[in-house]
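For reference, the structure discussed in these notes is given below.
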Amino acid sequence: MNVFRILGDISHLLAIIILLLNVTSHNPPAGISGKSQILFALVFTTRYLDLFTVFISIYNTVMKVIFLICAYITVYMIYVKFRKTFDSENDSFRLEFLLVPVAGLSFLENYSFTPLEILWTFSIYLESVAILPQLFMISKTGEAETITTHYLFFLGLYRALYIANWVWRYYTENFYDQIAVVSGVVQTIFYCDFFYLYVTKVLKGKKLSLPMPV
């Protein structure tokens, strides 16, 4: 396991910790899209079904379990504990616009037409677009709380580090996973504008704001 993957996992874990701090210390959770969290919970569920069939390492197993537990805790906090105060009006992205094409693509483009492989492929494709409801919510409200921007930054950094991980593995192991790489690049592209705003505004102590959609 190379340093880029470890750093990527750390960044992902930091994003989840920040997210949990947000949903447990704010009522309602500050600018968090519950729909994005549902998608991420679905991503982890369909990707980590191999927990029951394959053992890779203690590190791998522990990280998978942590991500799964945290994903469902977050969904529970948003839709159960804080359901009366959650900003559902602005969290209005229609999930079927993502789920239907992703499901269709996972059946058409995969490495093996088996249930576990199709579900793994589905999780990879879905993760590349799971952040869209969150970005849509920010564009709709016109601004984001600082704690939310930190969460998004570390989530985007995790994907960027995984691209470095794939480059490293290609040159050192001659390993190339086209589905994971293309999906990861697509996901990182979605974060590009946010990264620019994060560096130019949030890191300078300013609140991240966006022009309100017409």
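For all residues, glycine too, the Cβ spot is worked out from N, Cα and C.
Unlike curated entries, TrEMBL annotations are predicted automatically.
Keep in mind it's a predicted model, so treat the numbers as computed, not measured.
Annotated features in TrEMBL:
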TRANSMEM  6-26  transmembrane segment
TRANSMEM  38-59  transmembrane segment
TRANSMEM  65-82  transmembrane segment
TRANSMEM  118-138  transmembrane segment
TRANSMEM  150-168  transmembrane segment
TRANSMEM  180-199  transmembrane segment
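Of the two recorded stretches, the transmembrane segment (6-26) does not lie close to the transmembrane segment (118-138), with fewer than three CB pairs under 8 Å once pairs fewer than 6 apart in sequence are set aside.
Count of Cβ pairs under 8 Å against the transmembrane segment (180-199): among 38-59, 65-82, 118-138, 150-168, the largest is for 150-168. Tallying C-beta pairs under 8 angstroms between the transmembrane segment (118-138) and each of 38-59, 65-82, 150-168 places 38-59 first. Residues 12-13, 16, 19-20, 23-24, 27-29, 32, 34, 37-38, 40-41, 44-45, 48, 51 of the same chain sit 6 or more residues outside the transmembrane segment (65-82) yet have a Cβ under 8 Å from a Cβ within it.
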